[in-house]
Amino acid sequence: MALTLSTTKTFTNINCSNNTSNITTFKPLKLPLFWPWQKVKMGPLSVSPMGFGTWAWGNQLLWGYQTSMDDQLQQAFELALENGINLFDTADSYGTGRLNGQSERLLGKFIKESQGLKGKQNEVVVATKFAAYPWRLTSGQFVNACRASLDRLQIDQLGIGQLHWSTASYAPLQELVLWDGLVQMYEKGLVRAVGVSNYGPQQLVKIHDYLKTRGVPLCSAQVQFSLLSMGKEQLEIKSICDELGIRLISYSPLGLGMLTGKYSSSKLPTGPRSLLFRQILPGLEPLLLALSEIAKKRGKTMPQVAINWCICKGTVPIPGIKSVRHVEDNLGALGWKLTNDEQLQLEYAAKESPKSMIQNIFQTR
């Protein structure tokens, strides 16, 4: 399912540096220079070193989605494909109210209609997440949720089927049922690989061991991971992933937009995000200053620097995209590496900043 591209193709919007300094702050990893056609392994899959998230597609409450945006979303998707991105993350719960599932529907439509994928739709790696709704009480119901996602996506097989969150803290018996559902999806060939989202260190090890006894490898673990989310628990999750051969997918690599440099205490986003920004932004001055300094020195933007840091840590970040401009900017995070000194500068600045991202309430221990 990996997207195969000719290395002679001209790629736009990607700046390149020959700097390949070693990384010493985390467990050393052998990494490519992050060109999108130099895929990284994610279980049995080969994916671009950065994917794109589609949380905003259909979300009116937080991201202000309107159906009039669909054309620009499709243009953004096409540009991502043209530049070698083949990993797209979604969820069966993405979309608000009557638009529930809209993200999957749009992604499926764009894949089917893509001019660059004529007869090759299966080369896109779709990773979707299944919500642990309280009415999904049997493994069969969880498998049916997977089939419903396949219908909305108009595809026969998922790249990665993911459990959206753990129910261990409030419904431990349901948790075992959902794990069995993941196994059945894999055994029935509905998914090429399975993953989890919002799993803390303890539950991550438990589900890995459970799946191993069932003969199913755990491909990926998706958590909030960024310069704003690099606390003790997140680093422990990353260490476990490295040890067990699980690829960490980092969502919200830009901290819901706080690391873009677009906002300040006097310039806040509209909607519910403004409440969070009002709490956190005033304490981010050291980190934002470091991002700005490195971006200016490198001829990059602050988002490109923040995303590149995630890639340097061996994760696959999935920034959200809502426009061609977002894709163009995010693609500039590829084709170069932060030096070790630059990474240390950012990490020190993050620690010096008195505020960090609030932990997702769905993440368990």
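Glycine too: its Cβ is placed from the backbone N, Cα and C atoms.
According to Swiss-Prot:
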TRANSIT   1-15  transit peptide
ACT_SITE  TYR94  active site, proton donor
Exercise. Other than its own, how many Cβ atoms are within 10 Å of the Cβ belonging to the residue listed as 'active site, proton donor'?
Worked result: 28
Exercise. What three-state secondary structure does DSSP assign to TYR94 (active site, proton donor)?
Worked result: coil
